[in-house]
Amino acid sequence: PPEPASSRGLHQDVLLPEPLAPTKASSHHHHHDNEDSDATESADSENDMDPPSHRWDARRSSSSSNHSAEDGDPEALERRTFMKAYVDKIFHGNEEFEQEEKARFGELCSGENGKGREWFAKYVSAQRCHSKCVSEATFYRLVQSFAVVLFECYQMDDYTPAKNLMTMCFTFYFIGKAQPPPSELLDRGTPPVALDSYLNKANSWLTGKKDAAERLLKTTSKTDVKGFLGGLESKLRMSDAPEEKKGDKVYLYTHLKQQPIWHTLRFWNAAFFDAVHCERKKRSPTTREKWCHMSQQERDDNSKIDENIAFGQLGTFTHNMLAFGLSKKLCNDFLKKQAVIGNLNEEQYKLLTEHIEKMTAE
């Protein structure tokens, strides 16, 4: 079930099975990635509902220069080359990283220049086409590397790479015994809930609601129905795949719940905005000129598709938030705000609140 920018003006990546890549958004939002999509202050603070900082917007604008300009810069080329080799070694290397490599990785992932973080997320995402099931050694290399990058993203309010890594937390797994991090055992006293249990709950919710969901889309085509629930359905199909080995599917998210970036609503608001924007960009963008020449029916259909994109993404995002251990109240607050911005109707909102109830039921 379950890729993102400010929640202001939501015309524009809980769980997309694959991350939405950074794309050039509109005039002041955002990075450029062409991958398909598969989301501090206390999280309870009202201030967290505010849009992301101007610092982030400014950095995102400045980093949307094209790759050809970057390729002419020796430092930029070295950064890109290093990240590609580093990610290759994570997935295919037989040896552990040297201390010098780890230090260089940390250096390239830190600071105002977010290109190192961006390239890391991009190259990790590209590995999805090979296999989502990784070796145990690769899994723990990913955990360590994600932790470094996510913390830097948190420090710098750099939400686009974090959004993509967030969706990949629900993508990559290894087959084995789930070994929760020591912090989980100390904090909770019990192992974390397996993703499969979340998937099973969401599957039953989705099955029960699909007819209702399709009724909401009677003015749109079947393709739109598919896109509408695409994020949830694609992710849920993972649980139907036959397992070749015995053991549990252990996902990255189970080892990264403590990352502080997940516990600020500023991240989720920004990530949601970007995910919706990326989904809309997959369609032919509606320019002001095109809008002027549309019939009323075409305008209504266009608005309905936008509503449905927001609906599908909200299902994905609230699911991810719960899997990361955020409270039901926080998820409901997030849903309430984004449902208003996304112009969801009453039935859509009811379906999503029921989804949250189902996921949090004992």
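Each residue, glycine too, has its Cβ placed from N, Cα and C.
In TrEMBL, annotation is done automatically, which means it is predicted and not curated.
Note that this is a predicted model, so its numbers are computed, not measured.
Quick look at what TrEMBL annotates:
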| type | residues | note |
| --- | --- | --- |
| COMPBIAS | 35-49 | compositional bias 'Acidic residues' |
| COMPBIAS | 51-60 | compositional bias 'Basic and acidic residues' |
| DOMAIN | 250-304 | domain 'SBF1/SBF2' |
| REGION | 1-76 | region 'Disordered' |
**Message:** Could you tell me the mean pLDDT the prediction assigns to the domain 'SBF1/SBF2' (250-304)?
**Reply:** 85
**Asked** Would you list the DSSP helix, strand and coil counts for the residues of the domain 'SBF1/SBF2' (250-304)?
**Response** 39 helix, 2 strand, 14 coil
